[in-house]
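First comes the structure, then the notes that go with it.
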Amino acid sequence: MEPAGPAPGRLGPLLFCLLLSASCFCAGASGKELKVTQADKSVSVAAGDSATLNCTVSSLTPVGPIKWFKGEGQNRSPIYSFIGGEHFPRITNVSDATKRNNMDFSICISNVTPEDAGTYYCVKFQKGIVEPDTEIKSGGGTTLYVLAKPSSPEVSGPDSRGSPGQTVNFTCKSYGFSPRNITLKWLKDGKELSHLETTISSKSNVSYNISSTVSVKLSPEDIHSRVICEVAHVTLEGRPLNGTANFSNIIRVSPTLKITQQPLTPASQVNLTCQVQKFYPKALQLNWLENGNLSRTDKPEHFTDNRDGTYNYTSLFLVNSSAHREDVVFTCQVEHDSQPAITENHTVRAFAHSSSGGSMETIPDNNAYYNWNVFIGVGVACALLVVLLMAALYLLRIKQKKAKGSTSSTRLHEPEKNAREITQIQDTNDINDITYADLNLPKEKKPAPRVPEPNNHTEYASIETGKLPRPEDTLTYADLDMVHLNRAQPTPKPEPSFSEYASVQVQRK
């Protein structure tokens, strides 16, 4: 009797167990021999280029697919599979699929972006009959570095302007560079700054950003200054990128005020000048106040440039002094760059008004300027006094010359006083026999000696009287209207006489 065979219903499970045991044995035996090799530990490419990731296996058994993953562990993500039917944009198989027993499973990533940076793994799977494929071997991984250039540095300053003496911060930022290594430094007018803080951040270790802040103390000379943020990276090939910021955009220099005046004009007007000096920027409004009341507003458009970058502005204000009978305070008020107004005062003091009109005296706030005006006034007064004195002396001298040239005096001298000069006396008892008249003619400058001329003459005067004088008369006056001058040829003399006499002969009855 032949033994009975296995029941038909039990044959299926038995075959399945045998096949499973054989598969496990074959997998164990071949697992010891299978090798997955990724020859390149790292690959670096520039953004936009293509990157090739190599992978080879030592055996095609056990049967199962090969897949590529980015990352490892639970966070890894599949990027490519050699099983047909799946589509992966930008990734292609670079192996020769027509080659028999092809063991090359390399891939190529085109148009690489910084987000593609990371570590990639080539993994061998064993195909499962019932269960999913099982990972049996992985390569060592290839790190992809995307060489991304940093963006141009962006430099920003404070939101509002600062004054000299204040400390302000500048910030420099650059984005999207890879790898992480980067160098950043600050320069001011060619000199490197040291007070800075720099941080580097990344987004999933794909690309990096850098931010740096530097502190600078402002000075009045910084209007023409600027700061430079310099970034150096391997992708720049020795040509660093620069970002700049000008101090002229963040500095404010407040003006100084000075009021001066010119002397009072004949039209009773005073010219006041407000000098606004060394300010920056140009944003300026000037107001003239009269005793606190707005009188005029200037919004200048033309300025005087200084070498240090600041500006000057001068405003003129004409004051009609005759319209004021009391002291007036004029104020120069300046509003600069939306800052609180600064002021400078100037007092104009009224003089006592006369019937012909009034006048005013300007009293500057500056004592030195006032003293200078006093010195000028004293000097002018002294000069006028000297001129008046010289004019008076000149007029007096002219008057004396006219008096000498237009008048002459004739006087009769008593004979007793001139007795020694009389050559002949007719009667000693009559004192009125002969009377001499002294003609004091104006003396002229003594002329230079010259040769006597034959026409030199002597002048005589004869006086006729109608009656005899009384004995008691001692003086006889001669009316010049009765004097007749006769010319006669005199004997030449070596030198002319300076006194002329007229002999008068009185006839007796």
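Including glycine, each Cβ sits where the backbone N, Cα and C put it.
The feature disulfide bond is assigned by Swiss-Prot to Cys55-Cys122 (among others), with sequence analysis given as support. Around Cys55 (disulfide bond), taking its Cβ as the centre, 24 other Cβ atoms fall within 10 Å, counting all chains. When secondary structure is read from DSSP and collapsed to three states, Cys55 (disulfide bond) falls in the coil class.
Summarising the annotation, Swiss-Prot assigns disulfide bond to Cys172-Cys229 (among others) and lists sequence analysis as the type of evidence. Secondary structure at Cys172 (disulfide bond), as computed by DSSP, is strand. In the shown protein chains, 27 other C-beta atoms lie within 10 A of the C-beta of Cys172 (disulfide bond).
Its own atom aside, the Cβ of Cys274 (disulfide bond) has 24 Cβ atoms within 10 angstroms in the protein chains shown. As annotated by Swiss-Prot, disulfide bond applies to Cys274-Cys332 (among others).
The domain 'Ig-like V-type' annotation in Swiss-Prot covers 32-138.
The domain 'Ig-like C1-type 2' feature in Swiss-Prot is assigned to 255-349.
Around Asn54 (N-linked glycosylation site), taking its Cβ as the centre, 18 other Cβ atoms fall within 10 Å, counting all chains. As annotated by Swiss-Prot, N-linked glycosylation site applies to Asn54 (among others), with the evidence given as sequence analysis.
Cβ neighbour count for Asn93 (N-linked glycosylation site): 14 (other Cβ atoms within 10 Å of its Cβ, all protein chains included). For the recorded site, Asn93 (N-linked glycosylation site), the DSSP three-state label reads strand. What Swiss-Prot lists as N-linked glycosylation site is Asn93 (among others).
What Swiss-Prot records for Asn169 (among others) is N-linked glycosylation site, and it gives a large-scale study or a structure entry as the kind of evidence. Taking the Cβ of Asn169 (N-linked glycosylation site) as reference, residues of its chain lying under 8 Å away and at least six apart in sequence are, in sequence order, Gly157, Pro158, Thr213, Val214, Ser215, Val216.
Taking Cβ-Cβ distances under 8 Å and a sequence gap of 6 or more within the same chain, the neighbours of Asn181 (N-linked glycosylation site) are His233, Val234. Summarising the annotation, Swiss-Prot assigns N-linked glycosylation site to Asn181 (among others).
Annotation source Swiss-Prot lists N-linked glycosylation site at Asn205 (among others).
Positions annotated as N-linked glycosylation site by Swiss-Prot, on the basis of sequence analysis: Asn209 (among others). The Cβ of Asn209 (N-linked glycosylation site) lies under 8 Å from the Cβ of Lys173, Ser174, Tyr175, Gly176, Phe177, Ile200, Ser201, Ser202, Lys203, each on the same chain and at least six residues away in sequence.
Sequence-distant neighbours of Asn242 (N-linked glycosylation site): residues of the same chain at least 6 apart with a C-beta under 8 Å from its C-beta are Pro153, Ile228, Cys229, Glu230, Val231. Look at Swiss-Prot and you will find Asn242 (among others) tagged as N-linked glycosylation site.
On its own chain, Asn246 (N-linked glycosylation site) has Ser225, Arg226 as residues at least 6 apart in sequence with a Cβ closer than 8 Å to its own Cβ. Under DSSP, Asn246 (N-linked glycosylation site) is assigned to a strand (E or B) in the three-state scheme. For Asn246 (among others), the entry in Swiss-Prot reads N-linked glycosylation site, with the evidence type sequence analysis.
According to Swiss-Prot, the N-linked glycosylation site annotation covers Asn271 (among others). Under the three-state DSSP scheme, Asn271 (N-linked glycosylation site) falls in the strand class.
Neighbours of Asn312 (N-linked glycosylation site), defined as other CB atoms within 10 A of its CB across all chains, total 15. Annotation comment: Swiss-Prot describes Asn312 (among others) as N-linked glycosylation site, evidence class a large-scale study or a structure entry.
Annotated N-linked glycosylation site per Swiss-Prot: Asn320 (among others), in sequence order. A strand conformation is recorded for Asn320 (N-linked glycosylation site) in the three-state DSSP classification.
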Tell me, roughly as an integer, the mean pLDDT over the motif 'SH2-binding' (501-504).
50
Cα-Cα separation of Asn54 (N-linked glycosylation site) and Cys122 (disulfide bond), in Å?
9
Asn345 (N-linked glycosylation site): which of the recorded positions Asn93, Cys122, Cys172, Asn320, Cys332 have a C-alpha within 10 angstroms of it?
Cys332
Within the domain 'Ig-like V-type' (32-138), count helix residues (DSSP H, G, I), strand residues (E, B) and coil residues, in that order.
6 helix, 43 strand, 58 coil
Between Asn312 (N-linked glycosylation site) and Cys274 (disulfide bond), the C-alpha gap once rounded to whole angstrom:
11
